[in-house]
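Copied from Swiss-Prot, the annotated features are:
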BINDING   73, 74, 75, 110, 111  substrate binding site
ACT_SITE  125  active site
């Protein structure tokens, strides 16, 4: 059953009024593939626009806080923790991992996915002048904890 449709098939925000407040957490990832020299430029701090990882981290955090403004039926949430980690993975990619937490009545999967996605988009934006062929890929939920459905983790 699709939770965002009412009995007539119309889009509607899920009513979480009667749901218990529980600890919720979600982990998402994204990857940006690029030319090896682009990654070297980022790692050496030689990018003319500044620290690419720092800006992407802040963009991801800000995006998680604004998820309800971007995705129409998401609830506005009082997130208690947002972490966005970026690391070089091999010679030609950056792996982004976002973790969102709260004590609340609905999950934080969309916030974690939005954080990872916007961090990836920010890397693309900052580096497109030197590498227009970058590819954003592998945006996915890795893990979700809390709520009625409990713990879910992606299968390896």
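Residue 1 is the first one shown; counting continues down the chain.
Here the Cβ of each residue, glycine as well, is placed from N, Cα and C on the backbone.
Other Cβ atoms within 10 Å of the Cβ of the residue listed as 'active site' number 15 in total over all chains. The Cβ neighbour count for residue 110 (substrate binding site), using a 10 Å radius and every protein chain shown, is 22. Cα spacing between residue 110 (substrate binding site) and residue 125 (active site): 22 Å, rounded to the nearest whole number. Summary of the substrate site environment: with the site residues 73, 74, 75, 110, 111 set aside, the chain residues having Cβ atoms within 8 Å of the Cβ mean position are 67, 68, 71, 77, 106. It is 21 Å from the Cα atom of residue 111 (substrate binding site) to that of residue 125 (active site). In the three-state DSSP reading, residue 74 (substrate binding site) counts as coil. The candidate set comprises the binding-site residues 73, 74. Of these, 74 has the most other Cβ atoms within 10 Å.
Each residue contributes its Cα atom, and for residue 73 (substrate binding site) and residue 125 (active site) these two points are 27 Å apart. Taking the C-alpha positions, the distance from residue 74 (substrate binding site) to residue 125 (active site) comes to 26 Å. Maximum C-alpha to C-alpha distance over the listed substrate-binding residues 73, 74, 75, 110, 111 is 13 Å.
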